[in-house]
Amino acid sequence: MLLQFIALGLSLGGAYALAGQGLSLIHRGSGVVNFAHGAMVGLGGYLSIEFRESGLPLALAAVLAVALTALVGAAVQHLVMRRLRDAVPLTRLIATLGVMTVLNQVMVLRYGQDPKSAPALLPTHIFRIGDNFQIGLDRVLLTIIAVLVTVVLWLVYKRTRFGLVTAAVSENPRCAATHGHSPQRVALINWAAGAGLAGLTGVLLAPLAFFTPQQVVFLVVPVLAVALIGNFSSFPLTLFGGLVVGVTESVSAYYIDAPGWSTSLPFLIIMIVLILRGKTLPPRGQQSERLPKVGSGRPPLPVLVFLIAAPALMLTLPANWADAVVTSALFGLVGLSVVVVTGYAGQLSLAQFALAGIGAFASARLAATSGASFVMSGIFAVVVAVLIGVVIALSAVRTRGVTLGIVTLGLALAIQRLVLENTDYTGGLLGTVVSPPSLLGVDFDAIVHPERYAALAVAALVLGGIVVSNLRRGPAGRRLLAVRTNERAAASLGINVAATKLYAFAVGAGLAGVAGAMLAFRDTHVNFVQFEAFMSAQVVVLVVLGGAGYISGGVAGSLIVAGGVFSQIGDTIGIAEYMTLAAGLMLLMQLTTVPDGMVAPLLGPLAHLRRRLPRFRQRRAPVAPPVAQDIVTGGGGGTLEVRNVSARFGGVLALDEVSLSVQPGEIVGLIGANGAGKTTLVDVVTGYVPRYEGSVLLSGNAVDGLSATRRARAGLGRSFQSLELFDDLTVHENLLMASDRARPSSHVLDLLRPAPSPLPPAAAYAVRELELEQWLDTPAASLPAGVRRLVAIGRAVAAEPAVLLLDEPAAGLDEHETAELGRLLRRIAAVSRPAMLLIEHDMSLVMSVCDRVVVLDAGRCIAEGTAREVQNDPIVRTAYFGELGSATTRPRVSERHTT
């Protein structure tokens, strides 16, 4: 019997592998992870069914289905992805969610929700071995086709000119274009080929399984897992991954009787591998992805007045409108959870509606089994949803971006299959029955008094909006935005990146849990099917359409949801069933024109007007009086010791037994040619390179083994060669981040009332010395290059570190600004006495401010001494200028301002 399940698993794995090869082709040619791939598999299958029902021969129906699916893939590339070619991967991923929504709705509208199957395409002769093993020839042929397609693809992309061109475009599209190869043409061909393979998979699966639009859409989850095994590039590994996933799924069904485990277990295993393979901080050089703009969290006064009055207005609604308002309001609460997790924290979660399902499950089961009140059930829903949300957030600690989206989508599907569809947990065939809700003795039965329940739902939405607004304007919100913008820079300021992500998911899960509980209690018979995983993706689509960085964006998107306010309007003119399709199409158009959401153009002018009017300008603490003693140094500076530090990256020795020390109040210059290992040494000292030999000591205490965050809190501060500012925050907020230390109570209190944030004395001193007063209310993304450099230095100073490591702080500064910087560094060294290590190529600055200079060459320390001694060392001159030619032909170090 086990052999029977293995054979069935191999045929299922062949289908997964075939679809996975198509997904890999699309990624090879365009760099896009296509979340609509399952929908394309379904489209191919449905087209073959339709063509057969219309009387076309089997072969012709199959060919036409594959060709039309390939044409759809080419159209997606030409009409959507080509316009997003310069967008970050996350934006293009969200675009594929829009494509998935559109294709899903097309299948629903044309083919309905009833299961469909096609006549057999391949021979169905049965092979039998003994009494316990039999398998159809069509399943064997499916596996053979997957193997043959893999071989053909490997030969084409390994041996042909087109394969080499595709590899070149994947590696460097701009360079390939300069050699006459069109990246768009390559992407178009690969999209068509990848979609064609998806269509072929659907054609082959249609006779073997019953298709429904929702089920085929989520074929993308195991297919994504298979493509991940092949790293979206290796055809043999993708085939291997498909067969392994198929066999694991089939064999687990043989051994595990509990529903949902057979389809969930393979992905859960791959998810664990992905998390273990990930890193807590992104590597140096990885570009921060451009995310949608973020609102201020301050609602305009007219909007605020309307929201306060909105619950009372709901009492006047007729029943049909009240039900639509309930749907939009509660989806709006889930949308606010997406704003917190994705908009503010920058973590793509495709599991938020699944968390609402967990809230519904927890509240309904508690009420049904113990008779708990509506309020107690709601509180329990929030607690359980938060706990599950934190578990899901553990995947965000070591993954991010596209990978995190894949993981959370798989978890949403696992929650649906293991919990929400499991009748052992949901009350059996009769389901879960709850009593009508009441609050303070008032009956809020959504059937008897729909207007009351609508008022309650809107009140919950308003309170949720207030919570998110308070979060955005408080220190906790600034930490979320800092992590969203730049995890490495956030860690350098002592922000616990992992804890911040967990907090964002916890808050988002709490909001989703409230929505789920209220969705459960709108009917006495709780319907958990409404929390299918597809809705988690659809909620993200709607929120991005509205504006993921804005509170109003999370609410605006919910108006379009099926059964919501716009659907009610659509019912009056007969277009309600097309609302979801329209939302998907609007998202695709918007991403190419207004990527920040449809509310951004409306709120932008209001925010500009608010800044222009003195009455509404942002209130912040005044800058302290110009007294140098305002710098609070606590225990003063510390001593930095680096002892015999070596670091390797693969087979490359980046640092070779480097030793140096810096005393309190001393400025030590670290110079060397490009690639000498200077920034790597700073990364080692500050904890960004965790694996190294030797030891790093701060004031005599070894910090080896401490994370970058803990080293920053211990007093190791740094600036970055690439600045690493928080572009979503103003200059004022960037400086505040340097001195912001999260108190446990602030994570709750900030949700109720944001704490005031006065500019600390050290930051005020940096503002005055660097002349940043006029820039304090300017977003960092809008600053000139020279001012950005000064803000980065000011932020490092504002942190009041015991040891300060500055990585090329004068790059981009003019002569006057560089001179001012040198005077500031000497004053800081004299007043607060941190140990300062200065990496700099501007030798005039090094000579004027450094007490000692250390020279690195190829990862080794070749000289150390005073600036004058190092300047006259012939070995240093040869090493430092050797990359330009012989040292005897180079000008002396003192004769060059920059290298």
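Cβ coordinates come from backbone N, Cα and C, glycine included.
All annotation found in TrEMBL is predicted automatically rather than curated by experts.
Residues or ranges marked as domain 'ABC transporter' by TrEMBL: 640-883. Mean model confidence of the domain 'ABC transporter' (640-883) amounts to 87 (pLDDT, 0 to 100 scale).
TrEMBL lists 58-81 (among others) with the feature transmembrane segment.
Among the features that TrEMBL reports, transmembrane segment is placed at 93-112 (among others).
Long-range contacts of the transmembrane segment (140-157) within the same chain: residues 10-11, 13-15, 17-18, 21, 25, 28, 122-123, 127, 163, 166-167, 197, 204, 208, 235-236, 238-239, 242-243, each at least 6 residues beyond the stretch ends and with a Cβ under 8 Å from a Cβ of the stretch. According to TrEMBL, the feature transmembrane segment maps to 140-157 (among others).
Annotated transmembrane segment per TrEMBL: 262-280 (among others), in sequence order. Counting same-chain residues at least six beyond the ends of the transmembrane segment (262-280), those with a Cβ under 8 angstroms from any Cβ of the stretch are 221-222, 225, 228-229, 244-245, 248-250, 252-253, 256, 394-395, 397-400, 403, 406-407, 410-411, 413-414, 417-418, 497-498, 707.
Under the heading transmembrane segment, TrEMBL lists 301-319 (among others).
A Cβ distance under 8 Å defines the sequence-distant neighbours of the transmembrane segment (325-345), meaning residues of its chain 6+ beyond its ends; these are 291-292, 294, 314, 317, 352-353, 355-356, 446, 450, 453-454, 457-458, 460-461, 464-465, 468, 471-472, 477, 480-481, 483-484, 500-501, 504-505, 507-512, 514-515, 518-519, 522, 539-540, 542-543, 546, 548-551, 553-555, 557-559, 561, 563-565, 567. The annotation transmembrane segment is assigned in TrEMBL to 325-345 (among others).
Residues or ranges marked as transmembrane segment by TrEMBL: 374-394 (among others).
The transmembrane segment annotation in TrEMBL covers 401-420 (among others).
According to TrEMBL, the transmembrane segment annotation covers 453-471 (among others). Packing against the transmembrane segment (453-471) from elsewhere in the chain are residues 297-299, 307-308, 310-312, 314-315, 317, 321-323, 325-326, 329-330, 332-333, 336, 339-340, 344, 437, 439, 444-446, 477, 480, 507, 511, 514-515, 518, 522, 551, 554-555, 750-754: each is 6 or more residues past its ends and has a CB under 8 Å from a CB in it.
What TrEMBL lists as transmembrane segment is 502-521 (among others).
For 533-566 (among others), the entry in TrEMBL reads transmembrane segment.
TrEMBL lists 578-603 (among others) with the feature transmembrane segment.
Outside the transmembrane segment (93-112) by six or more residues, the chain places 32-36, 38-40, 42-43, 46, 49-50, 72, 76, 80-81, 84, 87, 213-214, 216-217, 220, 348, 402, 405, 534, 537-538, 540-541, 544, 577-578, 580-581, 583-585, 587-588, 591 with a CB less than 8 A from a CB of the stretch. Same-chain neighbours of the transmembrane segment (401-420): 33, 35, 89-90, 93, 218, 220-221, 224-225, 228, 258-261, 263-264, 267-268, 271, 274-275, 278, 289, 347-351, 353-354, 357-358, 361, 388, 392, 395, 426, 528-529, 531-533, 536-537, counting only residues six or more beyond its ends whose CB sits under 8 Å from a CB of the stretch. Comparing 374-394, 502-521, 578-603 for CB pairs under 8 angstroms to the transmembrane segment (533-566), the maximum falls on 578-603. Note on the transmembrane segment (578-603): residues 79-80, 83-84, 87, 91, 94-95, 97-102, 105-106, 109, 292-293, 295, 300, 538, 541-542, 544-550, 552-553, 556-557, 560-562, 564, 566-567, 570 of its chain, located 6 or more positions outside it, place their CB under 8 angstroms from a CB of the stretch.
Cβ atoms under 8 Å from those of the transmembrane segment (374-394) belong to residues 275, 347, 349, 351, 355-356, 358-364, 366-367, 408, 411, 415, 434, 437-439, 444, 501-502, 504-506, 508-510, 512-514, 516-518, 520-521 of the same chain, restricted to positions at least 6 beyond its ends.
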